[in-house]
């Protein structure tokens, strides 16, 4: 008899949804329902625990991230090709805690390390190896060939560092050649020479091009049609046409279409319906229908909510303007998901702390890691600022005004997750009014301490770093273009953008 058949199906289900349909699901036991049941039990344990797990352990999280700068745990040996991603997760996590400079010389050291991962065009000095005829881009680790996804991680990490040294690290001309070489006839981008292509690799290529101001018509050609073909009957997007809708690929498709000013071409009502059902009673987001929630989807799904809400708000305002000729009302509205419940899932259920370190795991009672710590903080950030994406602007680069994306942050959310001192029990019912007022003030102070830095929903980089990066990148472009010593080939390269 299999382990699945041995399970006692008369055992009480803790989920309200499942309990209401117990007769329907008792005969359909799968690995997912078993895992879901275990996770719900873990959440109940956390809810009944008296341990202090209701706040973001910022100092301990910072210790955990900084510890990864010098040495990576033995368990990470299999991630050698993801060194560039580990760098981004650590740097971005520290930056969201507004503590990037807490580690001595981290900006300079990180910039120099990331420069080693860059492959120059035509056998340049970086990563010089035999038959390296096709340079440009970044590899995932030392001496690795260039990969579009690794390139996105490297460029993002250099943006997070935010110094002139980090911006100058990137060879934009070689990068453009690399991206063009990855372009497919379907309008997508392959991961590497001879590699696969999907909506993920396509987003990474488009995001890199937009961040480096090298997004041209020839790079954009066919991309919108390919991404739109990835939307499924469910409403979300798959890796490529006729795949199952998936939270990560949905983010990649929606974010790339936002960069390309094509959100209006999406079946938005279908997408809205699909993503609305992705938040569970636990507060977390699941990546696919009938799958477990996962901390990383706090960003992947949370960002999609914000992007499409920006779309709805924009057209709502347009309709108001067209109706009465006056500027549309700026109503203060919450986001399309339960912000406080999402923060509760990440902070209370998935934060794993010991005496020295803290971080986030994918599920309750699992080990913390850099990946989920980074995206857990990103999801918390997105849920703490109601207007973070209210005015996502056109991301076309090199217009007459050189406008770049920088969604405004006008107010903090009122839905910052806090737990009262009585920990949801009735022991303090007899507190006098003065005590209650003090508790209220303490909760307000705790709310301020629980805020993390706001990140851009499309790039997952702190907004101030996004704005600074686009401004400095534009300055470097203009400076290089005006330099009399620039090569003829480089002049032809930059002419693509001047004549766009």
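Here, residue 1 is simply the first one shown, and the rest follow in order.
From the backbone N, Cα and C atoms, a Cβ is placed for every residue, glycine too.
Among the ranges 45-68, 69-92, 93-116, 117-140, the stretch that Swiss-Prot annotates as region 'Disordered' is 117-140.
Here Swiss-Prot has 294, 296 binding Zn(2+), and the candidate from 246, 365, 372 in that same listed site is 372. Sequence-distant neighbours of the repeat 'PFTB 5' (343-384) (same chain, 6+ residues past either end, Cβ-Cβ under 8 Å): 39, 42-43, 45-46, 53-57, 60-61, 63-65, 67-68, 85-86, 88-90, 92-93, 96-97, 282-285, 292-300, 302-303, 305-306, 335, 337, 412-413, 415-417, 419, 450-455, 457, 460. Reported as a whole number, the C-alpha separation between residue 296 (Zn(2+) binding site) and residue 290 ((2E,6E)-farnesyl diphosphate binding site) equals 17 Å. It is 16 Å from the Cα atom of residue 299 ((2E,6E)-farnesyl diphosphate binding site) to that of residue 85 (site 'Important for selectivity against geranylgeranyl diphosphate'). Most buried of the binding-site residues 288, 372, judged by other Cβ atoms within 10 Å, is 372. Cα to Cα, residue 246 ((2E,6E)-farnesyl diphosphate binding site) and residue 294 (Zn(2+) binding site) are separated by 13 Å.
The shortest Cα-Cα distance from residue 85 (site 'Important for selectivity against geranylgeranyl diphosphate') to any of the binding-site residues (248, 288, 290, 372) is found for 372.
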